[in-house]
Every structure is written in C-alpha cells, then in structure tokens.
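These notes are about the structure you will find just below.
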There are 2 protein chains.
Amino acid sequence: MKDKQNVFKEENLNAFMGLTKPHWIEARETLQKLLDKSNPTIQNDKDLRERAFVKQSEAQMHVPADIGDYTDFYSSIHHATNVGIMFRGKDNALLDNWKYLPVGYHGRSSSIVISGTPITRPLGQTLPVEGAAPHFGPCRLMDFELEMAAFVGGPPTKLGERVTAQEAGDRIFGFVLMNDWSARDIQKWEYIPLGPFTAKNLGTTISPWIVTIEALRPFVTDNFPQEPEPFPYLKHDDKFNFDIKLEVDITPEKTPVATTVCRSNYRYMYWTVKQQLAQQTVTGCNLRPGDLLGSGTISGETSDSFGSMLELAWKGTKPIRLLNGEERKFIQDGDTVTLRGYCENEGVKIGFGKCEGKLLPAVPLE
Amino acid sequence: MKDKQNVFKEENLNAFMGLTKPHWIEARETLQKLLDKSNPTIQNDKDLRERAFVKQSEAQMHVPADIGDYTDFYSSIHHATNVGIMFRGKDNALLDNWKYLPVGYHGRSSSIVISGTPITRPLGQTLPVEGAAPHFGPCRLMDFELEMAAFVGGPPTKLGERVTAQEAGDRIFGFVLMNDWSARDIQKWEYIPLGPFTAKNLGTTISPWIVTIEALRPFVTDNFPQEPEPFPYLKHDDKFNFDIKLEVDITPEKTPVATTVCRSNYRYMYWTVKQQLAQQTVTGCNLRPGDLLGSGTISGETSDSFGSMLELAWKGTKPIRLLNGEERKFIQDGDTVTLRGYCENEGVKIGFGKCEGKLLPAVPLE
C-alpha cells in the first residue's frame with residue numbers, strides 16, 4: 001500500500017481504519033518484521049531508531065480516532081439477567097426482545113475521553129422517594145461499567161446499505177477497554193421511555209491502544225450458545241468471541257491500596273461484535289470508520305465477575321470490602337477505577353494497557 | 001472580526017458556529033447592509049456580483065455542519081400526551097418525569113441527510129402478535145415526525161461544564177426543519193429498555209438553510225406555561241419560544257397531488273430549546289459547535305395539527321384521506337413527505353425552505 005502511506009501522517013487513526021483489512025494486516029506484518037530482533041533495519045540505524053520510538057513516559061495519549069458515532073450495546077447475558085432480577089424479579093429478568101436482537105442505544109461521542117481523564121460526580125434529578133417530587137443534587141449512586149468497545153473500520157457505507165453478521169468481520173478494526181461511567185439514580189428517573197441520556201454522557205473512558213482483530217486471533221474462543229437461533233442477518237459461521245481476561249480495581253484516595261473488585265472475561269458476551277454491527281446497520285444505518293461499538297457491561301456467572309458495582313454490591317445490599325478496610329456500595333469521591341485486560345496462552349501475552357479514571361467531587365451550581 | 005474571515009472558507013459552518021453571538025450578529029448585519037437596495041457595493045460591481053451569488057437552480061445543498069452529536073428531545077406536550085394515551089391510556093398518558101425534565105435521547109449523526117435524499121423502507125424485527133415470536137421483514141408502519149432542530153454554537157465546552165438555561169441563549173445558533181423518519185413497528189419491539197435505536201437511524205432529513213435566532217427575534221412568543229415550576233438549572237427569564245408555522249404534505253407517486261396533512265406550530269413546545277440545552281449538559285456533557293438538538297415531534301392541540309401519522313390517523317384507526325382519493329394510515333412506498341416552515345407577521349415573512357424525502361421500497365436481503 002505504497003500509495004496509502006499518508007494515512008500514518010494523520011492526527012488520528014480514522015484514515016488508516018478507513019482502508020481495508022488487507023491494508024491493516026500489511027501494516028501489522030511490516031511492523032512485526034521491523035521489530036523482529038533478527039532485523040537490523042531499525043536496530044542498526046540510530047537516527048531511524050530515534051525517529052521511530054517515543055518513550056512511554058514522554059508520550060501523551062489521545063483518543064485514537066475521531067469517533068463519529070458511538071453505540072452502546074447490552075450484550076452480556078449475565079449482566080442483563082442480574083439487572084433484570086434486581087428490577088423486575090427472577091421470572092421476568094430477561095425482556096422478550098433480548099435473545100432475538102442485540103439491544104443497544106446511541107450514546108454521546110463528545111464525552112468519550114482517554115484513560116487518565118478525571119470524571120466529575122454529576123448533578124442531576126433523581127427520585128429518592130417513589131411517588132414524591134424529584135430531587136436535584138449530586139448523584140448518589142455513581143458506578144462504573146466494565147466494557148470493551150470495538151472500532152469500526154473499512155470505507156464508509158451508504159445510507160440504506162446493510163452489513164450482515166456474515167460480512168461484518170472485515171469491518172471490525174480492533175478493541176479497547178471502556179468504562180461506561182453511570183449515574184444509576186439519575187438514569188432510573190430519566191430513562192423512561194427513551195433510554196439512558198444524561199446518566200451516561202458525563203464521561204466514558206477508553207484505553208488508548210487499539211488491539212486489532214489480527215492480534216486477537218490466537219485467543220478466539222467458542223461463541224456463546226444462542227437459543228433461539230438468530231435471524232439470518234444475525235448469523236455467522238465462524239468463531240468471533242475472544243478469551244480476554246478483564247479486571248477492575250478500585251483505589252481509594254486516602255489509603256491508596258488497589259483492590260481488585262471484579263475478574264471477568266470478554267468471552268461471556270452472548271452477542272458477538274459481528275452481530276452487534278449487523279444490528280446497527282439492519283435498517284440501513286451508514287457506518288463511518290472510527291465509529292465505536294460498546295459491548296455493554298461484561299459480567300460473568302459468579303458474583304466476583306460482575307462488571308458493575310450495582311451487581312457486585314447487589315443494589316447496595318452486599319457492600320464490597322476493600323483491602324484498606326473500607327466498604328463500597330458504589331464509587332466514592334476520590335476513588336480511582338482502573339480496568340485492565342489481557343490475553344494469555346502458552347506463553348503469549350497481549351495487554352490492553354489500562355483504562356483509568358478518578359472520580360472528583362461534585363461541583364455545586366453557582 | 002477581520003481576523004476570523006477564514007471561517008467562511010470552510011466546507012461547513014462549524015468554524016463560524018464556533019465563534020460567538022456577536023460574530024454571528026456582525027456577519028448578519030454585514031450581509032443585510034450589502035444586500036440593501038440602497039447599497040451599491042454588490043449591485044454596481046458585476047465581477048463581485050458573479051462571485052457573490054449562486055443560482056438556486058445550480059446550487060447543490062449539503063448538510064450545513066459536521067454534526068458531532070445529535071440529540072432528539074420529546075418536548076411537545078400534545079405529542080407526548082397523544083402517544084401516552086394510545087399506549088398507556090388517558091390516566092397515565094404523561095410519565096412522571098415528563099414535566100420535570102426535557103426527556104431526550106442520543107441519536108445517530110451519520111444518518112442525518114439533506115432534504116431531497118431518498119429514504120429506503122427498512123427491514124427489521126417486529127412483533128406482529130404479542131407473545132408470539134418476532135418477524136423479520138420490511139417495516140409496515142413507516143412514519144414521519146414533524147420536528148425542528150437547533151444547531152449548537154459557541155466555542156466547545158469542557159467535560160464537566162454545565163450550561164444553565166439562563167446561559168444557553170448565546171449557544172443556540174439557529175433552526176432547521178427536521179423529519180425524524182420512524183419505523184414504528186420496529187421501534188415498539190426494540191426500544192425496551194434502552195430506547196429507540198434502529199427504528200430511527202435509517203435516515204433523518206433536515207432542511208439546508210439554518211434560520212438564525214436573530215432572524216427569529218420578531219417572532220418570539222410566550223413560553224408554554226410550566227407547572228410544576230422547573231428546577232433552577234432549567235429556568236430562564238426571557239421568552240424563547242417562536243411562532244413558526246409548520247406544515248406537512250404527502251405527495252403520492254402515481255397521482256402526484258400534494259395533500260397538506262398537518263398544520264402545526266413550533267410554539268406548541270412545552271420545553272424551550274434553552275431548557276433542552278441545559279438538560280443536555282446538566283451532568284457535565286460537553287458541547288461542540290455543530291451539535292444538533294431535535295425538538296421532538298411537534299403536535300398542536302387539534303387533530304389536524306398532530307405531527308406524525310401515528311397521531312393523525314390515530315394508530316391506524318382514522319385513516320387520512322388524500323386529495324387524490326387515496327387513504328393513508330402510515331407512509332407508503334413512493335410517497336414524498338415535505339415539511340415546510342415559515343414565520344409571518346405584519347408583512348414580514350421568513351421561510352425555512354423545505355425538508356423533503358421520498359420513501360423508496362424496501363430492498364430484500366440477498
């Protein structure tokens with residue numbers, strides 16, 4: 001792709017993402033060759049070495065793409081079931097549509113920030129007492145959501161064009177970690193009937209390094225069994241699920257000891273990202289390279305693998321004990337929340353880096 | 001603003017919108033002076049005249065800004081009440097939160113298209129029989145939604161920054177007409193619990209010319225009376241409602257006679273656009289110039305002023321008779337839907353142009 005070198009001079013990855021999968025693979029293989037210890041090209045060229053590498057300690061990370069549109073899905077069956085049990089009881093936990101389509105909603109692009117950006121506890125309306133008047137003030141139930149998000153690649157599609165799950169593989173560029181910060185009490189009051197709004201646009205943190213699908217290939221695992229069988233547009237033959245270990249730490253401000261409160265795994269996803277992309281476009285919605293598809297909170301089967309404080313502390317009824325002796329039902333001011341992700345097998349390890357943010361106290365209205 | 005002239009050389013209006021209200025007013029006054037019949041500057045300069053004007057018949061219209069984020073509100077009380085009566089009965093028509101905050105949700109930016117762009121009837125999942133399995137196929141309840149949308153202006157805000165309703169006036173650049181095409185049957189099946197998704201991202205049509213707030217000043221009218229009194233962040237002292245007459249025509253393909261099926265008015269809005277902007281940012285969501293805020297469907301009090309087929313034909317129970325003798329419950333293939341808007345008083349008339357789209361038949365899955 002000699003005529004496409006300009007994509008690497010851009011401020012973000014959109015132009016590179018907007019090429020095709022063979023281009024992405026070529027770029028990856030070229031880098032692998034150049035970085036191989038038997039290859040002298042960079043190693044023996046001091047000048048090139050200095051131009052090619054930036055010290056991690058001197059690098060300022062940025063959101064890697066201009067995100068045109070961001071969608072958040074709700075595709076972990078354990079998470080959806082947990083939330084359903086809490087709010088509707090065990091018999092009605094999963095809503096009727098959940099196993100027929102990947103439920104999702106459009107999110108806010110502007111408030112997606114890079115790991116390290118502080119998040120401010122929001123003010124908003126809540127309904128502390130059912131049937132009474134709502135209250136305005138700081139959110140009291142601030143939560144994280146352990147998610148991963150996929151960047152969409154490939155040339156833009158046209159309005160009216162569909163991408164089926166079978167075709168979607170060439171359009172998933174790669175993954176980052178994502179913390180979909182959530183103001184639970186604000187969400188509960190505002191979300192009927194049009195969905196979450198201001199409870200989610202106070203900040204969404206992603207990790208800076210995109211791990212491409214090619215890099216994840218060695219960690220492909222079985223898709224989650226689906227019953228009923230999906231409609232044809234949602235079906236694909238190949239495995240497109242990944243064994244990605246995920247962890248969440250909470251580090252309080254005063255006694256800064258990190259406690260790992262959650263150990264989950266991307267493989268708990270019921271719907272694959274191919275199916276999510278097919279759902280995104282089924283009515284003809286057009287894609288642009290750099291679009292972001294959030295997985296939804298990724299919870300495993302066991303209570304230590306739940307991907308949010310709402311579930312971990314079960315709506316505040318089972319507080320989590322931190323290593324410094326404190327308890328948490330939700331996130332407190334000064335807490336740093338750190339998501340980590342990695343793949344590991346037979347000695348190969350790939351890391352996603354971290355996705356981190358500190359919660360700052362609310363700023364009152366003047 | 002001699003040092004800001006570069007904003008007019010951009011491909012879209014974002015840079016101009018990103019300046020401040022005094023800049024917008026200066027640009028408007030300069031144009032008004034230059035176009036005044038007593039001003040010879042352009043009139044007497046053939047070369048300048050040729051450079052300054054483009055024939056309407058030769059102009060290709062475009063979406064006027066790069067829309068970073070698009071939010072759609074639900075702020076007409078008559079619309080929300082009508083929909084509520086249809087789906088929940090008269091006693092529970094308005095949900096508890098509706099009069100406390102401007103309910104809204106994030107929409108899809110990529111699928112916002114300019115007037116004249118055809119819209120394809122989407123395929124999707126629907127639930128024709130309650131309790132049975134869903135069905136996949138063409139949408140059967142295709143609808144328009146008569147809306148207006150405001151472009152956000154001013155410099156970008158920071159994450160964590162709020163704009164109260166009182167401060168929001170300097171951040172509303174101007175209005176366009178908007179048809180929020182809606183696949184009602186798809187929406188009904190998919191929207192619980194996270195809101196409308198693919199039922200709305202199949203295409204959203206806007207008119208190309210933005211009418212600025214300054215131009216609308218002579219048509220300011222009383223705000224809609226609000227009870228209960230809004231929270232302080234949602235309060236503003238001034239009138240910020242506008243008398244904008246709105247009409248919707250349906251023109252069938254075979255006997256192309258236009259029937260005006262709806263005559264409504266922007267002044268029916270319960271929540272002002274200042275209040276919508278305050279709600280958008282209350283939890284700290286950052287704004288970028290070019291963001292778009294949809295009003296939600298604007299319905300008046302009488303049945304001929306309802307802003308959607310869902311309401312006009314009352315869920316299909318009262319079909320609308322067109323001038324060519326046909327009936328409509330929803331939009332049919334080949335129908336062109338045209339929104340028009342204008343302000344008029346004491347001889348002054350300001351038009352919004354038109355917001356038009358033709359519905360093309362569904363394209364089956366291959």
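Glycine too: its Cβ is placed from the backbone N, Cα and C atoms.
Per TrEMBL, these features apply:
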ACT_SITE  A:His79  active site, proton acceptor
BINDING   A:Asp72, A:Glu145, A:Glu147, A:Asp180  Ca(2+) binding site
BINDING   A:Tyr74, A:Arg88, A:Gln187, A:Tyr191, A:Thr297  substrate binding site
BINDING   A:Asp180, A:Lys200, A:Thr204  Mg(2+) binding site
DOMAIN    A:3-64  domain 'Fumarylacetoacetase N-terminal'
DOMAIN    A:74-356  domain 'Fumarylacetoacetase-like C-terminal'
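Distribution of TrEMBL features across the structure.
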| residue | record | Cβ neighbours (10 Å) |
| --- | --- | --- |
| A:Asp72 | Ca(2+) binding site | 29 |
| A:His79 | active site, proton acceptor | 28 |
| A:Arg88 | substrate binding site | 13 |
| A:Glu145 | Ca(2+) binding site | 26 |
| A:Asp180 | Ca(2+) binding site | 25 |
| A:Gln187 | substrate binding site | 20 |
| A:Tyr191 | substrate binding site | 21 |
| A:Lys200 | Mg(2+) binding site | 26 |
| A:Thr204 | Mg(2+) binding site | 29 |
| A:Thr297 | substrate binding site | 29 |
Filter the recorded positions A:His79, A:Arg88, A:Lys200, A:Thr204, A:Thr297 down to those whose C-alpha lies within 10 angstroms of the C-alpha of A:Asp180 (Ca(2+) binding site); answer none if the list is empty.
A:Lys200, A:Thr204, A:Thr297
Express the predicted model's confidence over the domain 'Fumarylacetoacetase N-terminal' (A:3-64) as a mean pLDDT, rounded to an integer.
95
Densest Cβ neighbourhood among A:Tyr74, A:Glu147 (binding-site residues), 10 Å radius:
A:Glu147
How many Å separate the Cα atoms of A:Tyr74 (substrate binding site) and A:Glu147 (Ca(2+) binding site)?
10
For the domain 'Fumarylacetoacetase N-terminal' (A:3-64), what does DSSP give as the number of helix, strand and coil residues?
40 helix, 0 strand, 22 coil
Could you tell me the C-alpha distance between A:Asp72 (Ca(2+) binding site) and A:Thr297 (substrate binding site) in angstrom, no decimals?
9
From the binding-site residues A:Tyr74, A:Glu147, A:Asp180, A:Gln187, A:Thr204, A:Thr297, keep only those with a C-beta under 8 angstroms from any C-beta in chain B, and list them in sequence order.
A:Tyr74
Candidate nearest A:Glu147 (Ca(2+) binding site) in space, where candidates are the binding-site residues A:Arg88, A:Tyr191, A:Lys200 and distance is Cα-Cα:
A:Lys200
A:Thr204 (Mg(2+) binding site) and A:Arg88 (substrate binding site), Cα-Cα, nearest whole angstrom:
27
Can you tell me the CA-to-CA distance separating A:Gln187 (substrate binding site) and A:His79 (active site, proton acceptor), as a whole number of Å?
17
